Amino acid sequence: MIAITLPDGSRREFPGPVTVAEVAQSIGAGLAKAALAGKVDGQLVDTSYKIERDAELAIVTDKDADGVDVIRHSTAHLLAYAVKELYPDAQVTIGPVIENGFYYDFAYKRPFTPEDLAAIEKKMTELARKDEKVTREVWNRDEAVALFESMGEKYKAEIIGSIPADQEIGLYREGNFVDLCRGPHVPSTGKLKVFKLMKVAGAYWRGDANNEMLQRIYGTAWAKKEDQEAYLHMLEEAEKRDHRKLGKTLDLFHLQEEAPGMVFWHPKGWQVWQAVEQYMRGRLTDAGYDEVRTPQVMDRSLWEKSGHWQNYKENMFVTESEKRDYAIKPMNCPGHVQIFNHGLRSYRDLPLRLAEFGACHRNEPSGALHGLMRVRGFVQDDAHIFCTEEQIVAEAKAFNELAFSVYDDFGFKDVKVKLSLRPDQRAGSDEIWDHAEEGLRLALRACGVEWEELPGEGAFYGPKVEYHIKDAIGRSWQCGTLQLDLVLPERLGAEYVSEDNSRKRPVMLHRAILGSFERFLGILLENHAGALPAWLAPDQVVVMNIADSQAEYAESVVQLLQKQGFRAKADLRNEKITYKIREHSLQKVPYLLVVGDKERDANQVAVRARGNVDLGVMPVSAFVERLQHDVASKA
């Protein structure tokens, strides 16, 4: 007998091996029809998977996140099937699931056009309606290579040829189409009902710029039509809020080909940057951090000691001078350890919190660069806390509270926490990693927050806590991190004198709240659709005169506001007041002040708030109080 334990704790017994589909059928016809896959002892499998021993089983449907992933993975194969039906000469390569969808890369003799995409999507719908069964076959490697070579699929044959000879090869067949895949997949193509092809882009084979360029077709797929419609609506909103367009429209920044991945900040954009930096500097000072500055370029020997040269060199900009190799820093941490090491530290000095608005450079692939969101040169609100093991929980708890408070001030109320665990390529022993991961778990428990664990996503030197903020249109952005590092202090010889006069290694906590300033400012711009709150807006107030006779008074109002610390300017151009109001409204200025003869004579201003809200006429002092309240409350 085989005993199957279901998620509710109930057990079902079967006389012999049983498939996931058969278990679902034994529970009910409705569940059997809805089943897309199964989870056997935590492993995602096809509904045809045969269970041959006692196991825990969850039936996966389209109501589960895993179910939606299976739909998307299967839709990627449906896309490849349709392309092969319409364009037999096209060669298939890879087709993974990505956030909110999937893509598939093809080699074809000509570029796919928008008309091709429409035809492919139509063919996908036809194939889905045929409800062809999707079956898994197990092949040995050499036979699978021969199969794909006989089909003229050189890319697929190359992938399979790189797999160890003794490893089973899983192939999935639907109708006339067969593809390499680990699976799982839906039981039949009829389960795929809601999908849309989005765009075509270029992609190098195996991600290597030295290889041939392929065509990547992106698509999205969902369990329900209304989910897809909501997603497409969100994309429309995102298009309107694109920070690259806002940067140009609002004259904040630009990028150009001569400096790929580097930002040219214009005066107004730099005002926003400075507002954010000064705010963060104040928060860090209040939290007991000391601000430092470390060199941009350091010798290879330091990066070798830190492990960056071995583990991160492909992402570093390197140079040579006077027969010495140097690297531009991709991270600030080794420099901060040098400051810690400069002089003998005592346990009484700990925790030591060193903060730096550190400019870093990373050699990101040119194809991955994207406005402010993915750059090569960036500044981090970086800090490193050197502490004892006993201080980890208290320091992590304090950081967590600071991070949540900062996000709240910037208008982000929905924050999710994730714990990234050890990657395959890492420094340090398993024992060190066990200790580091459990240390962060203890800290999170002390903070009273819920978190999700992400195996394999940690940095090479330690596990990390990630803070994901949700913006106004529902997108999630990973910003802050807290990383526990037991490796770097040892590599770089950091130590302190303990209470018993012995030498000990400090624990090092790497932490950032905003992450990259550039990326965070991009997120802010898109979250607010460019209409930044008054405390962050580059121009908080514009004072406009109706006629030349009020110009002197308008200037005096601006000077008064500037003395109060506000970012104010005058528009004294000989233009119609309606033209001025419209122009500055499009620039999303929080407050527009209009002065005519009546306002001048009464020492007042006519106030318009953003969104064409007429607040009427008020004394300048009353407006100052209003703006002070907005800035202080971060409204």
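In case you wondered, yes, glycine gets a Cβ from its N, Cα and C as well.
Since we're looking at a predicted model, the values are computed, not measured.
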Original post:
If Swiss-Prot says C333, H384 bind Zn(2+), which of H185, H510, H528, H584 does it name for the same site?
Top reply: H510
**OP:** Using the structure shown, find which entry in H384, H510 (the binding-site residues) has the sparsest Cβ neighbourhood within 10 Å.
**Re:** H510
Original post:
Which number gives the other C-beta atoms within 10 angstroms of the C-beta of C333 (Zn(2+) binding site), all protein chains shown included?
Top reply: 24
Subject >> Env. residues of Zn(2+) site, Cβ within 8 Å of mean position of C333, H384, H510 Cβ >> reply: M331, N332, H336, V337, D382, A383, Q483, D485, L488, M508, L509, R511
Original post:
Do you know the DSSP helix, strand and coil residue counts for the domain 'TGS' (1-61)?
Top reply: 14 helix, 25 strand, 22 coil
